Amino acid sequence: MKESIQVTLEQLRETLHYHAVRYYVEDSPEIPDVEYDRLMQQLLKIEDENPELVTVDSPSQRVGGQPLDGFTQVTHEIPMLSLDNAFSDDDLDAFNKRMSDRAPTANLETFCCEPKLDGLAVSLLYVNGTLVQAATRGDGATGENITENVRTISSIPLKLQGEGWPERIEVRGEVFMPKAGFDKLNEMALKKGEKVFVNPRNAAAGSLRQLDSRITAKRPLAFYAYSVGVVQGAELSNSHYQRFLQLKAWGLPMCPETKQLSSLEDVKAYYQDIMTRRDTLAYEIDGVVIKVDDIAAQETLGFVARAPRWAIAYKFPAQEEITLLNDVEFQVGRTGAITPVAKLEPIFVGGVTVSNATLHNADEIARLGVKVGDSVIIRRAGDVIPQIVAVVQDRRPETAKDIVFPDACPVCNSAVERVEGEAVARCTGGLVCQAQRKEALKHFVSRKALDVDGLGVKVIEQLVDREMVETPADLFKLSAGVITVLDRMGPKSAQNVVSALNKAKDTTLARFLYSLGIREVGEATAMNLAQHFKTLELVQAATHEQLVEVSDIGDIVASHLTSFFSQEKNRAVVDQLIELGVNWPAIEAVADDQELPLEGKVVVLTGSLSKLGRSEAKAALQALGAKVTGSVSKKTDILFAGEAAGSKLTKAQDLGIEIRTEEDLIALIS
């Protein structure tokens, strides 16, 4: 029996040593913190039950990894130890009882609490108020000299402020990278085609341990003090919290969430509050640190081999876990975006059981190098959708399969389009795809499109949910009798909707093109298309080269147009709409030598337009040769005034400028 336990211990120690080096020395962890904690807890349990098997080189007897050879070594005068962990209120109660049993007369009623920052522990030595040395924690006894790098961190004072500081004082704290700085750093790396950091902790560690301090200087690092080590030449407060305030007065930053609390129940409430607000904080944390506030009590309680007896880290539920990627399904969003969704072996992470996670897009799949069958690290933070952040490469099975993005929409089988320079792949079946149905119909009847009065969002949603319509053409097949089955839709309201649909059949080519919901074809672009090609048939048949000749249309919009009209299903819906009576007046072609009706005219738009969108009206006027300006002057030739026109109309009247209505504008366009 003892032999099998011995083998288990040796395997655990070897595994923990390996991952400690990956985490503390190489800044390249392969497993999440929760997995390392679990292995350590297993080791401690076996060693506690079999004390004769404890060895001097066990991970339980040390704090971290050895320093790299690239930095000179610094021996800590007082060891920089780590903390024991609590994972529940029961663990916290047990911690408190251990202290009470060991020091029954000590002042254990007051606590100093702070968020447990996810960064790199450092020691700062000030002599006569000047920073002379900075070191990493290393293995707790020996760290790395990172003085030149630390000098580049703006939140760390090179000289202490105020007065009264000790002749020699060692300040300990955490160097970290705020979330905003981390996001910006990775964004810049992507633009340069460089490797991105997995998380802010890795970014902070990698930045702080650069051999070239000029690189560190460019990284958005920050620092919060959390304790004091060596002190010579002055007496400090007997309160841990008051020492924080003294350090702050000397110019050393402390975490603003640090609190002095008077009971263990207050500590538990503090933990819950910080956990609730975790995702709103500017920095990554993975728990709270709880310390006895009284320094004399700390000295009485003392230390075990690897941690103080007077402090503990109360960890949050794990936000990262390892699980299996069983499959990948592709979902189609309301705008046609196709998103790969990882189907996972269910795992409890971030307080919930997770079985699905987003993989975002094909670029993200390539960046992760993930395959079906991989063991993956899954992360869930707060309300953020769970996502895969890394692959555990050494667990990849031989049967792992590549993830292949579909060429056809998994919902409607239309072609999938991915424009060069865009990360997202999209379904091109905008008018027929069930996944996009509600948004396509809402857009089709909107005021700037066919403007169907009375056919609002809730009515559209009911029509789709009850499977009464599939495409925009189906709207014109509805009868008043059918519509009355909808909620809050009586006979009169239903008849009004039918009348509005019939009225909407009389439109313009520009509005019709806009109503189709083709990506990036807005009112102005639709108007430019209508004025350039004159007929729907020519728009549908236009090649990429012909489309880019149209004003304001580039390669991307041209690709969207050709993709849309190349789909037979989309063209079939367009044909149905025409057959059902949707029509518009013909746009007369203008001969090359014929002057445009508003050629050279300076035109101003004012007031509210009920039939045209402002950008649509502006594009139409420009197509007729006008120069559209924003203010009325003596140079203005025509003012088109909509409803509730104000000072521009008054000024135009005073100047004797020709004034026309929106109806005049529509007639001119037609």
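Note that Cβ sites are derived from N, Cα and C of the backbone, with glycine treated the same way.
Record check: Swiss-Prot places D33, V34, E35, Y36, D37, S82, L83, E114, R137, E174, K291 at the NAD(+) site, and the matching candidate among K2, K248, K315 is K315. Model confidence over the domain 'BRCT' (593-670) is summarised by a mean pLDDT of 84. DSSP gives C433 (Zn(2+) binding site) a coil state; it is part of no helix or strand. Checking each of the binding-site residues D33, E35, L83, C412, C433 against K116 (active site, N6-AMP-lysine intermediate) by C-alpha distance, the shortest gap belongs to L83.
According to its DSSP assignment, D37 (NAD(+) binding site) is helical. Within 8 A of the CB centroid of the Zn(2+) site residues C409, C412, C427, C433, the other residues of that chain are V332, G336, P410, V411, N413, S414, T428, G429, V432, Q434, A435, Q436. Rounded to a whole value, the Cα-Cα separation of R137 (NAD(+) binding site) and C427 (Zn(2+) binding site) is 53 Å.
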